[in-house]
Amino acid sequence: MERRQRGVSAGLLLLLYQISQVGLQNIPCVTLGVLVLNIFLFLNPVRPLSEVCLSVNEAVHRKNWQRLLLAPFHHADDWHLYYNMISMLWKGVMLERKLKSIWFAYIIAVFSLLTGVVYMVLELLLVVILDDPSYGMNCGVGFSGILFALKVLNNHYNPGRVSSVLGLPISSKYACWVELVAIHLISPG
């Protein structure tokens, strides 16, 4: 789990460049706040990744519930941060303008907690169904679950669009599910 390097790196520099291209004045306040929080915690993590990552073993068995709050806002490395925050930038600009800042902040807060709960329930089900306790040890960090939920919400508010997934045109209604499978195949961890 300790893949993360400290300091300014290529992924972080590229993220800052992309944010500057959009322009701080064009990024709604909650979206900007989420970007700043994630970048700040990447540069100044609360604890090492092994102490903030979310797993059934740590959160449920050891009752370390703070991981539900910490795991979404920590990233494994600069590219993990880059891809998540570029996605957040795009989705945040679209959704926050449509939903308004207070409602969007509420949604981010709820999704931040619920995606961790769903992750643990799914891992626990895998432990029980497959009779394999190793699934209870899987430890995850990052904003990806929240981004997936935001993509589903974005598709609800903007139906009929076509997205490109790995160069293939796919209805946005199904694109988030295809992306989820593609991400798992490309980067299973």
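Cβ coordinates are placed from backbone N, Cα and C, and glycine is handled just like the others.
Just so you know, TrEMBL annotations are computer predictions that nobody has curated.
TrEMBL lists 63-182 with the feature domain 'Peptidase S54 rhomboid'. The average pLDDT computed over the domain 'Peptidase S54 rhomboid' (63-182) stands at 88.
Sequence-distant contacts of the transmembrane segment (102-129), counting only residues of its own chain at least 6 positions beyond either end whose CB sits under 8 Å from a CB of the stretch, comprise 28, 30-31, 33-34, 54-56, 59-60, 67-69, 71-73, 92, 95-96, 135-136, 138, 140, 145-146, 148-150, 153. The transmembrane segment annotation in TrEMBL covers 102-129 (among others).
Here TrEMBL flags 135-153 (among others) as transmembrane segment.
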Are there residues at least six beyond either end of the transmembrane segment (135-153) with Cβ under 8 Å to its Cβ atoms? List them, or say none.
1, 38, 49-50, 52-58, 61, 71-76, 80, 84-85, 87-88, 91-92, 95, 107-108, 111-112, 114-116, 118-119, 123-124, 126-127, 175-176, 179-180, 183
When DSSP states are grouped into helix, strand and coil, how many residues of the domain 'Peptidase S54 rhomboid' (63-182) land in each?
88 helix, 9 strand, 23 coil
